[in-house]
Amino acid sequence: MKKVVTCSQMKLLDHETIHSMHVPSLVLMERAALAVRDEIVKYLLGKNPDGSWQHERVLAVCGSGNNGGDGIAIARLLHLSGIHTEIFLAGNPDKMTEETRRQWEIAASYQVPVTNNPVWSEYTVIADGIFGVGLSREIAGKYREIIDCMNQAEACKVAVDIPSGIHGDTGAILGVAFKADMTVTFAYRKRGLCLYPGRMYAGKVVTADIGIYDRDPKGIQIAEKAACHMEQTDLAELPLRAPWGNKGTFGKVLLIAGSPGMCGAACLSASAALHGGAGMVKIQTVEENRVPLQTLLPEAMVTCEFNEEANQKNLSWCDVLVIGPGLGTDGVGRERMLWFLKNGAAAKKPVVIDADGLNLLAEHPEWQEFINENTILTPHMGEMSRLTGSSISHLKEDPAAAAFEFADRSGGACVLKDACTVIADQEEHLYFNLSGNSGMATAGSGDVLSGITAAVLCMYHSQEEKPPVSYQAAMAVYIHGRCGDFALRKKGTHGMTAQDLIEALPEILKLSEGEN
């Protein structure tokens, strides 16, 4: 996993590195500039493999803060690499920070060209060093005009640490924002580079090591409770299947799903659980769904009994419960939901609540007393709005805060599904998901996620030391997104279906076994 930090956490890390580790700020600035220089050179080499850069022109647009100092240093390093580079000082020279003024003086010593009236169409690369992660006000006046000109240019656009105009914590656009093709961010990814629209404005994100770390030499964490995001190497942490195991030891999933005319959701969720590695899956549904489910998914067991004896038997049998896909919100759906939610909590079973399970929970908030630390709730923004009474627009302003608040209130782990899904729990674990694409916004995608989540819970159910349920949920969300990225290569975004995600699932899980 990689850290994701807030602006205040990044400020603390920067301060501790300079004042406790005694690393001069100019050294950090130089390392940051070198990282951006290297990425720009890599881009130019891709265009000109022979290294003939005489037609390339780079413009570094710099503010008067330390982000501008980074930009000035980048211009100097590119200039010394033989690439025609100019500096455009957008900031007020009388308000330069000490470090930026020093960089300005060094650049002058090396005779780096400076322009006061850039002809935007002449540049092949524009580096944005106007504002950094500390920006919190709306951009207006000349800065807005400059950023508009930068965006209209046909050059490759590179943001330094974060695109100017993007809020470092929420990803919101502060009036106007630089639309980068690539962002080179320093030390750790910022929240605003994970959340939309900031993530869209950042383009490709490269995280550069510049010598700022979240632990001191004694191993004490400096920025506590930083968020994380999963990456491919984390798949290797999934528990391997024991060679001596059997279908019973690899986890048994009980799905409380399906209603009259709604067997598809149950089928997708069950299929995802099976393709995700669950040893056995049983679907508790209504009688009219029996034949379609047994025909479509012969690997799954189907039961249509709903009485105290059958319910207790099924609950004792399973290791993981999934409640909600296609369940319906009528009287029968309510009865099924309440029985398994209440008794599943009493039996301390891991429970995944999705779809109509969430809608019923919104109708009956008193049922939240049966939610505990073993419960995973997976609302999309509409369901979250019904659960909390908050508008979707309000939830989108700070989804991390919304997920935390709901997890704290409900007692379970919250998977707040959106273009950037956020996972949170009561213990202040927070994860941002960076896998997936817009093709996954299709009917049944959430049902597939509920099945994958159950499968991941099955992987860990027999482990003596389990990671937090929120971690397991974040892993499931990451795998789900990777399935979407795999399907994208075959189907594109328009033609992708939920079934494509299931078909991709074994390919993604092979990566956890060392398959490339």
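Note: Cβ is positioned from N, Cα and C throughout, glycine not excepted.
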Of the candidates N48, N66, N67, N92, the one that TrEMBL places in the K(+) site of D128, S164: N67
Per TrEMBL, K417, D418, A419, C420, T421 bind AMP; matching candidate in G389, G446, G451: G446
Rounded Cα separation (Å) that holds between K417 (AMP binding site) and G326 ((6S)-NADPHX binding site): 18
Cβ neighbour count within 10 Å of G326 ((6S)-NADPHX binding site): 27
Integer mean pLDDT for the domain 'YjeF C-terminal' (230-512): 97
Inter-residue C-alpha distance, A419 (AMP binding site) and S164 (K(+) binding site) (nearest angstrom): 22
Candidate with sparsest Cβ neighbourhood (10 Å radius) among V133, A419, C420, the listed binding-site residues: A419
C-alpha spacing of G326 ((6S)-NADPHX binding site) relative to D418 (AMP binding site), in angstrom: 20
